[in-house]
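A short worksheet on the structure shown next.
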C-alpha cells in the first residue's frame, strides 16, 4: 500500500483517485469546494463531476491541501495546466521530501514554453527524475465506470515509473512504463489541438474520411515536432500518441472534440464552452503554445496553425479545411 494524494477533484482527478483506491491504496482527494469534499466523504460520490459513479471506501476528501499532502508518497496533480503553477506554488512546502509527483495536465505554458513536468520541477524545486506523467487513451467517464483501459507512466527514473505502475494497476486499468517524458507530454498536448480540428470538421458536417485524415495527418505533424525535440518515435505510435489521439478525436465524451464541433457549427469560443459545461477546452489554451514551440523548432504543423486561425483569428472553419486540402502536394 502507498499513501496517495490527488490534488484536484474534477472528473479526471477523481477518476485517477478512484483507480489508486481500487488498487488497494489509501487515497486523499483535495477538493476546492466543501460540497464536493462532503459528497465524497458522506455519499462516496462526486456527483458534480462523475454523476452516480460509486467511489471506494479507501478514498476520502478534504479541502485542506496540507492535510491531503501529509505523508503522501505519491502526489497526483489534477488541476488544469493554466492553473498548475499558481496552485503548486502554494502546495510545495507540504509535499513530502521524496514523494513522486505525477502530472495529469496536458499543456505547454504559453509564456515560458515549458511542459508541465518542467513547470512542476521548477516550482516544486525537485529534480526532473521525481516527476512522472500519466497519459493515454483515458476518457474519465469510461475509466470511472471500470471499463478496460491502458495508460502510460512516463518518468526519467525507471524505478519510480515502475513504483507508480505497481500502485495504479487495477483489474480494469493496465499501466505501461516509459522514460520518454518529453514524447509523452508533446503527444498529450498536441492531441488536444488535433481533437479540436476533428471536432471542427465534424461540426462542418464532414464524416469518417475527414476524421481519419485529421487523425492521421495530426499524428504526422505531432511526430515531426516530437522527434525534432528529441522524443522516441515509439511513443508516438503507443498509448500516449496514437492511442490518446484516437480516443480524443472520436469520442463524444472528449471535451476538446465537443468544443471543436461547436466551433465548426459556427459558435464563438464563449458559446462553444456551453458544450463543455462552461469550460474552455485545453486545446484552445494549448494551440498557440504548440504553434510557438513548432515555429521555434522549425517544424511545419498546418493543422495546428488552422486551429489557431479558427480560435483566435476569426477564420471560417470550412475555408480553413479547404485551405488544408489545397496545400502543395507532396509524398506522405
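Glycine is treated like the rest: Cβ placed from N, Cα and C.
Model, not experiment: these values are computed from the prediction.
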Swiss-Prot NADPH site partner of 11, 12, 32, 33, 140, 255, 280, 282, selected from 106, 296, 318: 106
Listed co-binder of sn-glycerol 3-phosphate (same site as 106, 191, 244, 254, 255, 256, source Swiss-Prot) among 71, 78, 127, 136: 136
Inter-residue C-alpha distance, residue 136 (sn-glycerol 3-phosphate binding site) and residue 106 (NADPH binding site) (nearest angstrom): 11
Rounded to the nearest Å - Cα separation of residue 256 (sn-glycerol 3-phosphate binding site) and residue 11 (NADPH binding site): 15
Secondary structure at residue 11 (NADPH binding site), reduced by DSSP to three states: helix
For residue 11 (NADPH binding site), the number of other Cβ atoms found within 10 Å of its own Cβ: 23
